[in-house]
Amino acid sequence: MSPTILSFSGVTVPAMPSSGSLSGNTYLRLIDTQCSTMRELKQIHASLIKTGLISDTVTASRVLAFCCASPSDMNYAYLVFTRINHKNPFVWNTIIRGFSRSSFPEMAISIFIDMLCSSPSVKPQRLTYPSVFKAYGRLGQARDGRQLHGMVIKEGLEDDSFIRNTMLHMYVTCGCLIEAWRIFLGMIGFDVVAWNSMIMGFAKCGLIDQAQNLFDEMPQRNGVSWNSMISGFVRNGRFKDALDMFREMQEKDVKPDGFTMVSLLNACAYLGASEQGRWIHEYIVRNRFELNSIVVTALIDMYCKCGCIEEGLNVFECAPKKQLSCWNSMILGLANNGFEERAMDLFSELERSGLEPDSVSFIGVLTACAHSGEVHRADEFFRLMKEKYMIEPSIKHYTLMVNVLGGAGLLEEAEALIKNMPVEEDTVIWSSLLSACRKIGNVEMAKRAAKCLKKLDPDETCGYVLLSNAYASYGLFEEAVEQRLLMKERQMEKEVGCSSIEVDFEVHEFISCGGTHPKSAEIYSLLDILNWDVSTIKSGFAELFDATTRIGFTYLAEK
C-alpha cells in the first residue's frame, strides 16, 4: 500500500503507511529541497516524531542542523538535541557551533564540557575546537581559552590552520595580544586571516601605528584587511586617516562593502564632513548597497551630527524597514540639534509603531528634555521607562536627569538624585552637577561636587578645570588660579583640544598649541591680526572675548 501524502503550507509530507516502515530518506530530501522556514521544519519534525523515524540519529541530526543555522532558533535546536539518544560527533559539533554564534555562547561551553564527560568513545574533533574558541572569545574568557589551547597542543592540532586562526582570534578579541602575537610568529607561510586578526587586535587595543605597519607589510590584502584598517582608524579617533585610506583603497581598485561604508560614515559624522558624507551616500545608492538597518542608522547619524537634520529625516522616512536603531538615531539627532519637541513627538510615534523603546530610546528623549529644560516631561519619561517598560536606568539616564534638574536651577534635587541613585556614580555625573553650579552660582555645592569628582579619579583634570572656571565666573580669581597651580604642581595636563573644518571637499583638523601645518606662520599671522581687531572693537562685543579666549584662539594649528 502506498503511503498517504499530507500537505502543510507548501511542504508535502508523507505520512506513515498502514503497514511496514517508511525510510527517512524522503524526509531528508524534503528538508534539503522544500523546507525553508522554521514553521515548515516543525511540521516535518512533528511527522518524524509521529512515525518514530526521529529515533534515527542521522535524521535527527539533519533536523538539528537546520535549526542551528539561525541563532534565533537555538531554543528549539536545544530541544531537538536533548531528544537525540545516540549523539555522534556531528550532533555535538552542530549544537556547539550553533550556540557559539547565538546570544548564549556560554551554552556552547557548557555543552562542550558535557561532551567531554559523556563517553570515552566521543572525543572533540578538529571541527569542535574552533566553535569553543569562538565562544570563549565572545565571553572574554581568555583564561579558560588558554586551557583549551593546552588541550589542542596535547592533541597535536596546534598547526591546524582553522584551529590556529580561531585560537588567535579568541586571544585578539580578549585583548591578549602577547599570546596572539606568539601564535602569529609561529605560523609557517602567509595566512591572510591571521594577519587580519592581528591588525584588528592592534587597532582594538589602541596600537593603530603597529596595525598600520603590519598592514603595510602584508604580501596580499583582501577587503577585510582594508576594512580592519579603516575601522581601526575610526576607533582610534583618526578619522581623516580613515577617509584617506578609502581613497587609497579606490586607487588600488579594491571593492568596498557595507562595513566599509558604515566606518566611513562614522568618520564623516565625527569630523562634521557633510560634503564627503553626501558623496558616500550617493556612492551607496549608485552601487546598490543593501540599505539594511546598520547602513541606514549610520546615514542618519552622519547627517544629524553634521547638522543636516532634514536630510537625516529624509533617510529615516525612506528607509525600507525602520529598525529600532534607526528610530533611536533620529530621536537623538533631533534632540541634539535644537528640535526637542520633534524628538519627543517621534518618540511617541515610536511607541505607536509597535516597536518597544529600549534604554537608548530613553537616552534620546531625555536628552531632548535636558536641552529644552522640561523638568515635568523628563520626570514622566523617567517613570515611564521604569514602570511601563521595566528598564532599569543606567548612569547615563541619571546624568541626563541631573542635567535637566541642574538646568532648571534645582541643584538640591540634582544632588539628592546622585546620592540616592542605585547605580555607581562616575565622574561624568559629578561634572554635570559642577557645570550646573557654575551657571547658577552655588559655590559650596560646586566645591562638594569637585571633591567627589577628584575622589573618583584623582588624575582627571576635569574637576580642577571646572572648579577653576566656576571660581572665575564668581569673580574669585585667586581661588581659580589656585586650582590651575595645583594642576601644574601635580603635572596634570588638560587633554589637547581638537576641531575640524571641511573646505572644498577636504577636511582640515586643528589641535591646540600645535605648529605642524606648512602654512603655520601665515595662520598665526592672520590670527594675530584678527585678535588685534577683536581687542580694538568698541562697546560690549569685545567683552565676549576674554583674555583666555584670545590667547587660546591663537594657538591652534592644523594636524
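From the backbone N, Cα and C atoms, a Cβ is placed for every residue, glycine too.
Copied over from Swiss-Prot:
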- 1-14: transit peptide (TRANSIT)
- 88-122: repeat 'PPR 1' (REPEAT)
- 125-159: repeat 'PPR 2' (REPEAT)
- 160-190: repeat 'PPR 3' (REPEAT)
- 191-221: repeat 'PPR 4' (REPEAT)
- 222-256: repeat 'PPR 5' (REPEAT)
- 257-291: repeat 'PPR 6' (REPEAT)
- 292-322: repeat 'PPR 7' (REPEAT)
- 323-357: repeat 'PPR 8' (REPEAT)
- 358-388: repeat 'PPR 9' (REPEAT)
- 394-424: repeat 'PPR 10' (REPEAT)
- 429-504: region 'Type E motif' (REGION)
- 505-535: region 'Type E(+) motif' (REGION)
**Fill in**
Counting only residues at least 6 beyond its ends, the same-chain positions whose CB falls under 8 A of a CB in the repeat 'PPR 5' (222-256) are 192, 195-196, 199-200, 202-204, 206, 208, 211-212, 215, 263-264, 266-268, 270-271, 273, 276, 500, 507, 509, 559
**Fill in**
Reduced to three DSSP states, the repeat 'PPR 6' (257-291) has 27 helix, 0 strand, 8 coil
**Asked** Restricting to the same chain and to residues at least six past its boundaries, which positions have a Cβ under 8 Å from a Cβ of the repeat 'PPR 8' (323-357)?
**Response** 293-294, 296-297, 300-301, 303-305, 307, 309, 312-313, 316, 363-365, 367-369, 371-372, 374, 377, 381, 385, 389
**Request:** Calculate the per-residue pLDDT averaged over the repeat 'PPR 5' (222-256) and state the result as an integer.
**Result:** 95
**Message:** Let me spell it out: take the repeat 'PPR 9' (358-388), skip the flanking residues so only those 6+ beyond its ends count, and list any with a Cβ under 8 Å from a Cβ in it.
**Reply:** 324-325, 327-328, 331-332, 334-336, 338, 340-341, 343-344, 347, 350, 394, 396-397, 400-401, 403-405, 407-408, 410
**Item:** Residues of the parent chain within Cβ reach of the repeat 'PPR 2' (125-159), under 8 Å, 6 or more residues beyond its termini
**Value:** 89, 92-93, 96-97, 99-101, 105-106, 108-109, 112, 115, 165-167, 169-176, 179, 188
**Item:** Intrachain residues whose Cβ lies under 8 Å of the repeat 'PPR 3' (160-190), provided they are six or more past its termini
**Value:** 126-127, 129-130, 133-134, 136-138, 140-142, 145-146, 149, 152, 197-198, 200-202, 204-205, 207, 219-220
